[in-house]
Amino acid sequence: MARKIIHIDMDAFYASVEQLDNPELIGKPVVVGGRPDSRGVVAACSYEARVFGIHSAMPCARAFARCPDAIFIVPRLGRYREISARIMEIFRSYTELVEPLSLDEAYLDVTDNSQGEPSATALAHRICRQIHEETGLTASAGVSFNKFLAKVASDLRKPNGISVITPEMAADFLAGLPIASFHGVGTVTAEKMARIGITRGADLLSWSLPRLVEHFGKQGVFFYHIVRGHDQRIVQPQRIRKSIGAETTLRRDTRDRTQIKQILTHLAERVSRSLCSRSTYCQTVTLKVRYANFVTITRSTTLARPLNRVEDIIHCVLPLLARTEAGQKKVRLLGIAAAKLTTAAADRPRQLLLPFPAPSGAADHCQSSRPSH
Amino acid sequence: MSLKCTVQKDDFIEGLSVLQNVTNKRGTLAILSNILIEATTNGLVLTGTDLEVGLQIFVPAEVDAIGSLTLPSKKIYEIVRESGSASLVIEETENSWVTISAGKSVYNLAGIQSEEYPAFPEYDEEGLVPLEAPVFLDLIDKVIFSIAGEQENIYSLTSVLIEKEKIDSVSYLRMISSDGHRLSIMEKDVAVDVDHLGIEDITLIPKKGIQELRKFCENRDTIDVSFSRKQLVVKDKRAVMVVRLKHGEFPHYRAIVQAVPMDNCIKINRLLFLESLKRINLFTEDVFHTIQLRIEGETMVLSSQNADIGNAKDELKVTYDGEPLTLGFNCRYFIETLQVMECEEVEAYINSENSPCLMRSALDKGFTSIIMPMQL
């Protein structure tokens, strides 16, 4: 059965957030990125700015030259992340299979979805509408049966538009598609293809597999399949764990502090094992206590250094226990949670890098709204 | 025409076994897990490729009917390996099926027609020049261990950089590898005039290619070599290997070599140092293998600790008259470098706990290793 994939891309995300937070910017050319006199680049720009030929990744100085009246804004990544989290939350309410590509872009596999909706197009409309209602921002969506076509489609009716490429349309669509729009074809490959007469999908289609392999190595295999609409890459949800915890309801409510400590040691071992198996460390440790009367309290501590060893966790938990009424009151449930996870432990030795000189011509980069994948 | 030939087991198995390295990889084209067998009037030509490395082996055989087809690499290898007979008869039946007879054993094996097999890269016989295989092997051995893994973000570091140079009409070849934490350089003078080698601008040999070249050079004396922009060809009477080359930017490694001050030198007995490092490594933590080196006067104290196991300490006599140093290092980096060196006494140049450590010796002509410390 064909899959149903939606690619959703927020319209001029950073710039739109700025316009949302500051209505005075609405209708004006807004450039988010470096200062006009800096060597930074444009991370995002409003559609009003695009009229002047400004686009992302362009040096800010050039953007300024094209439109001196543009309003230059330093990116507020924290704010973008906050809104991005809300949007991703919306996606996840439709399907578990959400693969974020960046803050403002994601693939959704809606073959099975929480709504039981058979039409991916109807879902795409519903999702875009909900994003607009909840955040005031617009998004564009592409609907198709694989990731590559969904992504290409989302670009077709930007901004605030939805495009669909059905399996029946795919062959014609791919044949007419300029070669540079194919996944994996960058400027260099596009030039190379142009030299051997490949400028559109139709040209690529006429090439046999061995000939493509001869010219492009392994990539040739990929091109061969993709121009035929074969893209088996799956939507990979990468849930980032926010916390790791372990808790247990006691067989019998207790006031025995020795027993409570024993149980906490056991829970700390479980948390530590879980952290170690992911090679992560935590910076916050939380103790959870539910008393016999079902009142639940938590006590947390934040540490200067990330940790993941059993002894260190217990070392944090015991002072927290002292700040509860466990023992005076009967305890029903105990839990330990480790949060603020990080892979780099500050107390670990750090391997230094060879001080290779920076390649010539390197400029300082702004956070781009669309990192290359 | 349908292929038919008789081949000696020993000849066949040798060719098939070296081809196993380049075939049998998951994920690529199905046909690439096959080998191409071409029966010619001179014998068999076996071809395997993973599109990065292509290998052709010539195997003597009695050919009754010339022809070509492809067979599953692993299966044909296993059939020949398990065969109890000194020779095997291969006969194509129809639709690329073959019947293999070995003594009383008979196998019918499904193949794929040879037309679907990728063409073996063309190369210019004229461009081939002779090179001593042991020299090439030595170059590779001295740098192969510090090539970056595939997840490295400086892409060119997943390859070895090869350079040629002519100084006072002596020809040199040089290989350089780095994983971002350490850098290995090996340079050797070669009998061939490097002007005949088409090594232009920045020529990179990917890790897979280097590994296969290494195997190719083992047990060979002289090989013929040619470099073109696209590929490196190595050849002798029995086999040809074609390795795809890459081009691009490689970090400016000379700048790092030049930046190491050569005034603070520690002289250490190489084998004693190596043995001590192996002992200390028993107590390092996984991944980083951190050890501490304390050098004061004529003594170097090596120590390591592991949260789950315990700790270890060892002591060595060194020749040193500089300021006391306390350094952190990945123990494995030192072990790998010292293992490829040949000298009795290694010279290590290092100034501080944050600066690169350069190692070389008069006996290890042409070899330089640089290792970055760890911040403890």
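Using N, Cα and C of the backbone, Cβ positions are placed for all residues, glycine too.
According to TrEMBL, the features are:
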- A:GLU105: active site (ACT_SITE)
- A:ASP9, A:ASP104: Mg(2+) binding site (BINDING)
- A:5-186: domain 'UmuC' (DOMAIN)
- A:TYR14: site 'Substrate discrimination' (SITE)
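Location within the structure of each feature annotated in TrEMBL.
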| residue | record | Cβ within 10 Å |
| --- | --- | --- |
| A:ASP9 | Mg(2+) binding site | 20 |
| A:TYR14 | site 'Substrate discrimination' | 30 |
| A:ASP104 | Mg(2+) binding site | 24 |
| A:GLU105 | active site | 22 |
*What is the pLDDT of the domain 'UmuC' (A:5-186) when averaged and given as a whole number?*
90
*For the recorded positions A:ASP9, A:TYR14, A:ASP104, A:GLU105, which ones lie near chain B, with a CB less than 8 A from one of its CB atoms?*
none
*If H, G and I count as helix, E and B as strand, and all else as coil, what does DSSP give for the residue listed as 'active site'?*
strand
_Cα-Cα distance linking A:TYR14 (site 'Substrate discrimination') and A:ASP104 (Mg(2+) binding site), given in Å to the nearest integer_ = 9
*Between A:ASP9 (Mg(2+) binding site) and the residue listed as 'active site', what is the CA-CA distance rounded to a whole number of Å?*
4
*Given A:TYR14 (site 'Substrate discrimination') and A:GLU105 (active site), what distance in Å do their CA atoms have, once rounded to a whole number?*
12
*When DSSP states are folded down to helix, strand and coil, where does A:ASP9 (Mg(2+) binding site) land?*
strand
